[in-house]
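What TrEMBL lists as domain 'ABC transmembrane type-1' is A:220-427. As annotated by TrEMBL, transmembrane segment applies to A:32-55, A:218-245, A:265-287, A:293-315, A:336-358, A:409-430.
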Amino acid sequence: MTDISLDTLASSAARPRRDIGIKKRYAAERRFRLYGVLAIAVGLAFLGVMLTSIVSKGYTAFWQTTVTLPIHFDEKIIDPSNKRATDPNVLVTANYPKLAEAALIEKLGIDPSDRATVRKLKGFLSDGSRVQLRAIVAADPSVIGTTRDVDILAAANLDSAYKGQIDLNVPESRRKVSDQQVEWMNKLKAEGVMAEHFNTGLFSYGASSRPETSGVGVALIGSIYMMVIVLLLALPIGVAASIYLEEFAKKSRFTDLIEVNINNLAAVPSIVFGLLGLAVFINFLGLPRSASFVGGLVLTLMTLPTIIIATRAALAAVPPSIRSAALGLGASKMQMVFQHILPLAAPGILTGTIIGLARALGETAPLLLIGMVAFVADYPKTPFDPATALPVQIYMWANEAERAFVERMSGAIIILLIFLMAMNIVAIVLRRRFERRW
Amino acid sequence: MKKALLTASAAAFAIVASAGYASARDQVQVAGSSTVLPYAKIVAEQFGETFSNFKTPVVESGGSGAGIKEFCKGVGENTIDIANSSRAIKKDEVQSCIDAGVKDIQEVKIGYDGIVFATDVNGPDWALTSEDIYKALAAKIVVDGKLVENPNTKWNQVNPNLPDWDIAAYIPGEKHGTREVFEEKLLIAGCKALGGVEAAKAAGLDDKAADASCKAVRKDGKAVDIDGDYSETLARIDSNKTGVGVFGLAFYENNADKLKVATVGGITPSVETIAAGEYPVSRPLFFYVKKAHLGVIPGLKEYVEFFLDDQMVGPESPLADYGLVAAPDAERAAQREAFTAGKTM
């Protein structure tokens, strides 16, 4: 290159310029850049619209209206015939909502004998007070006969009204809260008795038919069980399979066939894995329905190809010189793989695994067929108990008729998105930290 | 770290290997109709809260047909105990149950559900008849005694009293239990009233084909099948203010601030008119219990009895609050008696 002398350059400059379409080519490049910017802008706009709509609908789900009432644990209501010493069932079946209602009647200064007004109180407090007050009594039976301040959840419709989600200009008969209830609500609000608190219940409750006592608790546990199972099964199997295929197996028709099949499997719709899970794990092996263990197995099958492909790419990216050096220094093939190649490929493997896990976390279709799209109120003690998953809970809430479930659905989406983002950030950090460039 | 991971995976493998997992199921499992789902959820939740010695039943949705199919897979712990259904079980479904070893099925009727037509709350009042529905939505209608492709594009062509709106109806998809009631009580009824059956027979069709031609819905996009739940139908009405949607009574009552309900045959749908049998488009809701599981799955018998209690399905019960139309007193008593006596189909 250095041989080109200056005078040849000078003489070429002197000649009239050939038209090499430079203007046209620059224009084409500018257009292409513009298209690129437009494509990104459209993508960002959609993302923005999606996030704003979810967050604006869902942030209210993290707050819940409660009414702080001095509950008098009246023996006459809980245990009218004084049998609790001999029959502990009395404390289970007692009419606890009545206690909350009595406290509210007193707070609002209503005459308890005015049945018509008392009836309007129906639907003001959540029926969840039954479980809440029962738990207080069960923990400490000596509370009977005393008075204690308890935060009782407001019923879902009142909660929505308090948050301003119900249009009060609609005629009274067309909405779920009466004018009288709104008046009481404003009174309690002014007294500071009714207020919004951070909604811890959204994280701790299981599924419920009452919006105010429903949460993602069971779904979170189910999702965590499944993620652990997928990690424990898919990572070792996937890594072992790819090490063998990449480092040990001889290239043959057979390994080529396996490779093609793995790539195809990665593109199989997830519902197919659900069908497989139903046929093999439930109908053939007799594993329980709706259990997160079966869900984990199905998602493992779904994630395996992703992990194998990522791992093989990571292994192939380690330069052959490392292999030659290890072998040259007398390492066995196994030592070479486990002491040199695998540590260098680890960031790539982990990134692929986490992305596979994140995809598995968002799946509902395969879970539908193994009975995990279900109403599950009790916490699963083991992975063999019925459970749901986060995206399933979102789907179930999306189908509810009550308005208050809309905000809970968006709230659950926010929780799921935070989970996914956290997993992706971990993947990025791992890659940044440990990746080596050659 | 690597060793720990290996051990953990080995443990996981061991669990898979011992897949013959045999501890007894201690939880009732229910699947089926999405219309019955909200009611079953309320009962399941209260059952779990009332009986501290039993777990809360698990209720899957997925549709009447899918639920019954799951139900008919056989007898045993990994099959469900109860199938919810928004229609009566069909003969061939019973047969497939029997073939799979589910010989004794107990039918339980829990009450009634009304199917309503509703439009956007700000629109005009609607008064529909089954004839209007047939003329607006059937694939072929009767003109001068002959079957022709449905020419109507606006509601006021169907009936001058209806508004000048393009026909856009969101009706339950074919897998919905609701669809059958829609076909039977509206399309076929309207067809018969207008002489569609005779016209079909005159065109050379037999009885069965005439029925089928009556309930065939037009496919030109004016009637849209909704396979999802009612919330999807509501979203369609939200975006198309001149659309007409089909909803369950309970769903409409929960969203009465957004929807205006149409009368059918001059009757406004309500719990009262449905219970009295005046409103024409209503249907019974059922669930089916596997008799072989009674006494084997803890809580199953108690759950069904709890469900049938007047506290749950009576006229003043949580289910009635949600929109279920309670069956008359004598019918509820008969249902309870039949279940206790162990009456099978």
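Including glycine, each Cβ sits where the backbone N, Cα and C put it.
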(message) Counting a contact as 3 or more Cβ pairs under 8 Å, with residues at least 6 apart in sequence, do the transmembrane segment (A:409-430) and the transmembrane segment (A:293-315) touch?
(response) no
(message) Should anything in the same chain at least six residues away from the transmembrane segment (A:293-315) have a Cβ under 8 Å from its Cβ atoms, list it; otherwise answer none.
(response) 222, 225-230, 233-235, 237-239, 241-243, 245-247, 262-263, 265-266, 270, 273-274, 276-277, 281-282, 287, 341, 345-349, 351-353, 355-357, 359-360, 363, 366-367, 370, 372, 383-384, 387, 389
(request) Using a Cβ-Cβ cut-off of under 8 Å, list the residues of the same chain that are 6+ residues beyond the ends of the transmembrane segment (A:218-245) and lie near it. (result) 203, 206-207, 255, 258-259, 292-293, 295-297, 299-300, 303-304, 307-308, 311-312, 315, 337, 342, 349, 353, 356-357, 360-361, 372, 376-380, 383, 387-390, 392-393, 412, 415, 419
